[in-house]
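Chemist: Quick paste from TrEMBL:
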- B:Cys61, B:Cys64, B:Met67, B:Glu113: heme 1 binding site (BINDING)
- B:Cys91, B:Cys94, B:His95, B:His193: heme 2 binding site (BINDING)
- B:Cys151, B:Cys154, B:His155: heme 3 binding site (BINDING)
- B:Cys184, B:Cys187, B:His188: heme 4 binding site (BINDING)
- B:27-198: domain 'NapC/NirT cytochrome c N-terminal' (DOMAIN)
- B:26-48: transmembrane segment (TRANSMEM)
Amino acid sequence: MRRLAFACLLSLVPCLTAGVILAQEAPRLRGPDPFTKEIPAPPMQRQVTNDVRVRRNYPDQPPVIPHAIEGYAVDLNANKCMSCHARKFTEQSQAPMISVTHYQDRDGNTLGGLAPRRYVCVSCHVPQTTASPLVENRFTDMDALTEPERQPARGR
Amino acid sequence: MAAGIARAWDWFWANPWIKTATRPPVYLSLAFLTLGGFVAGVAFWGAFNTALEATNTEKFCTSCHEMESNVFEELKGTIHFTNRSGVRATCPDCHVPHQWTNKIARKMQASKEVWGHIFGSIDTREKFLALRRHLADREWARMKANDSLECRNCHSSESMDLTKQNPRAASAHERFLFTGEKTCIDCHKGIAHRLPDMSGVPGWQ
């Protein structure tokens, strides 16, 4: 009985060690200080407002907003984004039109106007700041993955 | 007709106040009356302008709870309240013309707002929200009619450096503002206060 208990405890050791090691490896988003200590907030980062369209990382990615949107109304009364990005205003604004998917409800029926579920633009489309990523990003572009496979096919 | 005018004329000159006012002074000297009149005039004009300026301050506007708890509260989050250079546009900067004649005209119209305050036309948040589109429409119409004069008191198109603006803003100003096709308020609605229901407003949907 005593031996069994000892064996059980012994078998826990690798798990605990691994836990400790992994915990040290895990990214700490709030920095090295313990959570009990109140640390001053980092300075706010500047928004990227250079109006240059940013490539999407994957085809379904909602495009990011390359301009300032401070004070833009998106509420029950008004949607400022649509003053430029709605189909009928794109000629005078020269802004990209909202995609056709935004005129469809969840069942794929095309509606006369912006679908209610797409109304709150900033739930998907967001402006960017100059902040550097808190953790390393190991995302690989789809093209970078598929290109080696596509190349031999082209050669044939 | 002629008899009526003659009767009115006689009645006017028979009035004892008019008789006294048109007679030369009996007891007061000419010097007292001219100098006294001058001093009284200065005092009146000074008091008038002081009162005019006192009613043209952020403090006076927000002394009414209608303004303080609705529109002033909304202004606080915007760039016209706090910004990097520390210049604030107060209520009268945008809502009262700076030029004297137009200012007096606007002040006379504003007497309606005193009426509204006394009779509580927007004394609750619900009443304010219900009337917001009407109030906004009036203000937009006023600014459209004077070519956004209050905006241009600070933001003149002559001193606007397009190269300092981002390309999107620069091309919009070049196409619509400089050609006179649109005025500031046509595009820049709701920059200092929240918007009412915008259905039917040109440029919104």
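A Cβ is built for glycine as well, from the same backbone N, Cα and C atoms used for every other residue.
Map these features onto the structure and tell me what's around them.
Modeler: Following the DSSP three-state reduction, the secondary structure of B:Glu113 (heme 1 binding site) is helix.
Using a 10 Å Cβ-Cβ cutoff, B:Cys94 (heme 2 binding site) registers 19 neighbours.
Under the three-state DSSP scheme, B:His155 (heme 3 binding site) falls in the coil class.
In three-state terms derived from DSSP, B:His188 (heme 4 binding site) belongs to neither a helical nor a strand segment and is classed as coil. Spatially close to B:His188 (heme 4 binding site) yet at least six residues away along the chain are B:Cys151, judged by Cβ distances under 8 angstroms.
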Chemist: Same-chain residues six or more away whose CB lies under 8 A from the CB of B:His193 (heme 2 binding site)?
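Modeler: Result: B:Val71, B:Glu74, B:Leu75.
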Chemist: So which other residues, same chain and not among B:Cys91, B:Cys94, B:His95, B:His193, have a Cβ within 8 Å of the centroid of the Cβ atoms at the heme 2 site?
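Modeler: Going along the sequence, the neighbours appear as B:Val71, B:Leu75, B:Ala89, B:Pro92, B:Asp93, B:Glu139, B:Ala192.
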Chemist: Most Cβ neighbours within 10 Å: which of the binding-site residues B:Cys61, B:Cys64, B:Cys154 is it?
Modeler: B:Cys61
Chemist: Listed binding-site residues are B:Cys91, B:Cys94, B:His155, B:Cys184; which of them have CA atoms within 10 A of the CA of B:Cys61 (heme 1 binding site)?
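Modeler: Neighbours among binding-site residues, in sequence order: B:Cys91.
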